[in-house]
Amino acid sequence: MAATVGVSLKRGFPAAVLGRVGLQFQACRGAQTAAAAAPRIKKFAIYRWDPDKTGDKPRMQTYEVDLNKCGPMVLDALIKIKNEVDSTLTFRRSCREGICGSCAMNINGGNTLACTRRIDTDLSKVSKIYPLPHMYVIKDLVPDLSNFYAQYKSIEPYLKKKDESQEGKQQYLQSIEDREKLDGLYECILCACCSTSCPSYWWNGDKYLGPAVLMQAYRWMIDSRDDFTEERLAKLQDPFSVYRCHTIMNCTQTCPKGLNPGKAIAEIKKMMATYKEKRALA
């Protein structure tokens, strides 16, 4: 008698064949699970300095993070280190969405936001993290932005009207075309990535306003609702406020929002030339 072969009701495959396939599938899944469970250790070398500790000097401290148990962004790794490894690690962070600019720092040689910079998954490379360059450091990855904000305040970054009699009583309208002129300017989040990547700002940060502040100055200069364009230009009539920009363009390259501060500064220079000509003829 012929041997009886079990047949599956699904497409008529012999049960023995399906059994072997099932075993192979289970073995494959087991291998994948084992591979997924294997630690993926990434090293982070992070700048550390605590001024409250007597004799403490700036140093780099290395931490190890299993990328299988960490989110994809550098900020995820920093939070994991602080929560699970070293609670003394200090850094700024807030929105985690690239909106607030709090977590600006220098990662692998470039200024960016830790919340939007993906972790380099090459495990053979050590990711190096520093505070924003050429700034006084408060602690670890926290720079002192006091001068930066004071410069921002100095440009009076708000709408100014010469006739304030209607203030609060009517809307200040502008055309769609005039509103579109502000695109690429108002989106600045004041993270200071651009200013702290600028060599001119490194050496003249006390006098040169820097890319971020100048871009915001330009934003208010060209706002059709503002009445103080000439006064804003007059405040920049010195050798340092604007003219320390040498179009190196580090600012545009590093901006995490994809803005172009270098172009805005060039436009201010053109406005300054026209302003000087008008003053000479007056």
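Backbone N, Cα and C define each Cβ position, glycine as well.
What Swiss-Prot says about this one:
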type	residues	note
TRANSIT	1-30	transit peptide
DOMAIN	42-135	domain '2Fe-2S ferredoxin-type'
MOD_RES	Lys53	N6-acetyllysine
MOD_RES	Lys57	N6-acetyllysine
BINDING	Cys95, Cys100, Cys103, Cys115	[2Fe-2S] cluster binding site
REGION	148-220	region 'Interaction with SDHAF1'
DOMAIN	178-208	domain '4Fe-4S ferredoxin-type'
BINDING	Cys188, Cys191, Cys194, Cys255	[4Fe-4S] cluster binding site
BINDING	Cys198, Cys245, Cys251	[3Fe-4S] cluster binding site
BINDING	Trp203	ubiquinone binding site
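Sequence features annotated in Swiss-Prot and their locations in the structure.
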residue	record	Cβ within 10 Å
Lys57	N6-acetyllysine	8
Cys95	[2Fe-2S] cluster binding site	13
Cys100	[2Fe-2S] cluster binding site	17
Cys115	[2Fe-2S] cluster binding site	25
Cys188	[4Fe-4S] cluster binding site	21
Cys191	[4Fe-4S] cluster binding site	27
Cys194	[4Fe-4S] cluster binding site	31
Cys245	[3Fe-4S] cluster binding site	23
Cys251	[3Fe-4S] cluster binding site	30
Cys255	[4Fe-4S] cluster binding site	24
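In this model, the region 'Interaction with SDHAF1' (148-220) carries an average pLDDT of 96. Residue density at Cys198 ([3Fe-4S] cluster binding site): 28 other Cβ atoms are found within 10 A of its Cβ, drawing on all protein chains shown.
Taking Cα separation as the measure, Cys115 ([2Fe-2S] cluster binding site) is nearest to Cys198 of the recorded positions Lys53, Cys198, Trp203, Cys245.
Each residue in the region 'Interaction with SDHAF1' (148-220) gets a DSSP state, and the totals come to 31 helix, 0 strand, 42 coil. It is 4 Å from the Cα atom of Cys194 ([4Fe-4S] cluster binding site) to that of Cys251 ([3Fe-4S] cluster binding site).
Within 10 Å (C-alpha to C-alpha) of Cys198 ([3Fe-4S] cluster binding site) lies none of the binding-site residues Cys95, Cys100, Cys103, Cys255. When the Cα atoms are compared, Cys191 ([4Fe-4S] cluster binding site) and Lys53 (N6-acetyllysine) turn out to be 28 Å apart. When other Cβ atoms within 10 Å of the Cβ of Lys53 (N6-acetyllysine) are tallied across all protein chains shown, the result is 10. Taking Cβ-Cβ distances under 8 Å and a sequence gap of 6 or more within the same chain, the neighbours of Cys103 ([2Fe-2S] cluster binding site) are Leu75, Phe91, Arg92, Arg93, Ser94, Arg96, Leu113, Ala114, Cys115.
Take the CB of Trp203 (ubiquinone binding site) and look out to 10 A: across all protein chains shown you find 12 other CB atoms. When the alpha carbons of Lys53 (N6-acetyllysine) and Cys255 ([4Fe-4S] cluster binding site) are compared, the span between them is 34 angstrom. Of the candidate binding-site residues, Cys95, Cys100, Trp203, Cys245, the one lying closest to Cys255 ([4Fe-4S] cluster binding site) when CA atoms are compared is Cys100.
Spacing of Cys100 ([2Fe-2S] cluster binding site) relative to the residue listed as 'ubiquinone binding site' is 27 Å (Cα to Cα, whole number).
According to DSSP, the secondary structure content of the domain '2Fe-2S ferredoxin-type' (42-135) in residues is 14 helix, 29 strand, 51 coil.
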